[in-house]
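Read the structure below first, then the notes.
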Amino acid sequence: MSQNYYQILGVSKTASQADLKKAYLKLAKQYHPDTTDAKDAEKKFKAINAAYDVLKDEQKRAAYDRLGHDAFQNQQSRGGGGNHGGFHPDINDIFGDFFSDFMGGSRRSSRPTSAKVRGSDLKYNLTINLEEAFHGIEKNINFSSAVKCNTCHGSGSEKGETVTTCDACSGVGATRMQQGFFTIEQACHKCQGNGHIIKNPCKKCHGMGRYHKQRNLSVNIPAGVENGTRIRHTGEGEAGIRGGNSGDLYVDITIKPHDIYKVDGANLHCKLPISFVNAALGGEIEVPVIEGGKVSLTIPAGTQNGDQLRLRSKGMSKMRSTIRGDMLTHIHVEVPKNLSKRQRELLEEFKKESINEKENDGSFFNKMKSLWS
C-alpha cells in the first residue's frame, strides 16, 4: 500500500502550515538530485513535491482529506492540475541564492492573477481655508469610484446562479508545465486565472462584481491639519474585483492662502499697523485672532517700525495635541498724510522741543549708520 501525503512528509493530519513547510524543506534538501547520489532520490523528491503541493493549499488539502488519497489522485489526473513532482516554488527557500546568482541576481514570479483582485487606491485633492484647518471640519466629497455590485453582492454571477469550480485547474487558477528541472506556472486558459467559472454573468456588472458610480463621502479633517497632509481612509477606495478587498482613499489637504496670516509651522505671522502716537507713547490695542474675536496686545512705549510682538498660544492648533503655536505681529508704524491745523501745531511744538536733542550732531549720523549695519 502506497504512502499518503502526510506519511510522505512525516507529519500528522493535524500539522500546521508551518510544520508542513518545515518538513518539506528538510526532505527536499535531503533528496534533491543535486545534493545526493541515492538511486531513489529523484523518485522521492517528486513524491515530496507532490505531497506538499496538495497539503499547502487549504482547498486541495480539504478535498484530499475528504476524498482520500486514491480518489483525490484520480480526480487530479482527470482535471489536469497538480505539480506532478517537479520543482515546487518553495524550493527557492533552499536553492534561492544559487538560482539568483545563476540568473543574474533576479528571480521573477510568474504566478497568475487570483480570482479576487484588490481594488485600486484613490486620491482626492481637498482645499480648505485656514480657519477650517484650525478648528477641524467635516467635509462631504464627491467622486467616481467602482463599487461592489449590489445585485450579485460582488460574486459576478447572476442572482440565484452558482459559481462552479474550474475543472481544468481544480480552483487554483493556474496550471503548471514541467520543463526539465523547472516548473512554469501560468494562468489557467479555461478560467483565465479566476479558479472558477461564471456560466451566467451578472447583467448589471457584466461578471466583474462591481460597477462605477458617483459616491458621496463625509471625511473628517482634524484640527491642526497642515498644508500637504495626506489622510488615509481605509477601504474607501475602489471595490475589488469578484469580491476582492477594497482599496484605500487618500485625501490630500491644500490650505488656501489667508488674507491676514502667514503660516510658519504652528506659528502665525501678521502685519499690525499702529499709529506713530501709539508707537511713541505705548498703549493697548485689539488684534484679531484665528479662532475668532479679538485679544488685547500691549504696545510698549517707543516701539519701532518692524518690531515683532508675540502673542503666546494664539497661533495654529497642533494635530492630536492641546498645544498651540504663537502669533507674531510685525509692527508697521503709520505716519499720517493729512494733518488737521491743531495736529500740525502740536507737531511743530514737538519739533521745537526736539531741537535740544541736536539731531545734526555726530550722534545723528551714528544712528544713520546703525540703520544700515
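Glycine is no exception: its Cβ is also placed from the backbone N, Cα and C atoms.
Since the structure is predicted, the reported quantities are computational estimates derived from the model, not experimental observations.
The feature Zn(2+) 1 binding site is assigned by Swiss-Prot to Cys149, Cys152, Cys202, Cys205. Residues annotated as Zn(2+) 2 binding site in Swiss-Prot: Cys166, Cys169, Cys188, Cys191. Taken from Swiss-Prot, the feature domain 'J' covers 4-68, and the record attributes it to sequence analysis. What Swiss-Prot lists as repeat 'CXXCXGXG motif' is 149-156, 166-173, 188-195, 202-209. Here Swiss-Prot flags 136-214 as zinc finger.
Shown on the structure are the features that Swiss-Prot records.
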| residue | record | Cβ neighbours (10 Å) |
| --- | --- | --- |
| Cys149 | Zn(2+) 1 binding site | 22 |
| Cys152 | Zn(2+) 1 binding site | 26 |
| Cys166 | Zn(2+) 2 binding site | 23 |
| Cys169 | Zn(2+) 2 binding site | 25 |
| Cys188 | Zn(2+) 2 binding site | 21 |
| Cys191 | Zn(2+) 2 binding site | 23 |
| Cys202 | Zn(2+) 1 binding site | 23 |
| Cys205 | Zn(2+) 1 binding site | 25 |
Check your understanding: Same chain, outside the repeat 'CXXCXGXG motif' (202-209) by at least 6, Cβ under 8 Å from its Cβ: which residues?
Key -> 148-149, 151-152, 154-159, 239-244
Study note, to complete from the structure: By Cα geometry, the one of the binding-site residues (Cys166, Cys169, Cys188, Cys191) nearest Cys205 (Zn(2+) 1 binding site) is Cys191
Check your understanding: When the Cα of Cys152 (Zn(2+) 1 binding site) is compared with the Cα of each of the binding-site residues Cys169, Cys188, Cys191, which one is closest?
Key -> Cys191
Exercise for review: Report the nearest neighbour of Cys149 (Zn(2+) 1 binding site) in space among the binding-site residues Cys166, Cys169, Cys188, comparing Cα positions.
Suggested key: Cys166
Check your understanding: Cα-Cα separation of Cys188 (Zn(2+) 2 binding site) and Cys202 (Zn(2+) 1 binding site), in Å?
Key -> 22
Point to revise | Distance from Cys202 (Zn(2+) 1 binding site) back to Cys166 (Zn(2+) 2 binding site), taken between C-alpha atoms, in Å | key: 18
Review point. In Å, rounded, how far does the Cα of Cys169 (Zn(2+) 2 binding site) sit from the Cα of Cys202 (Zn(2+) 1 binding site)?
Key: 23
Practice item. Starting from the Cβ centroid of Cys149, Cys152, Cys202, Cys205, the recorded Zn(2+) 1 site, name every other residue in that chain with its Cβ within 8 Å, sequence order please. Key: Thr151, His153, Gly154, Ser155, Gly156, Ser157, Glu158, Pro201, Lys203, Lys204, His206, Gly207, Met208, Gly209, Arg210, Tyr211
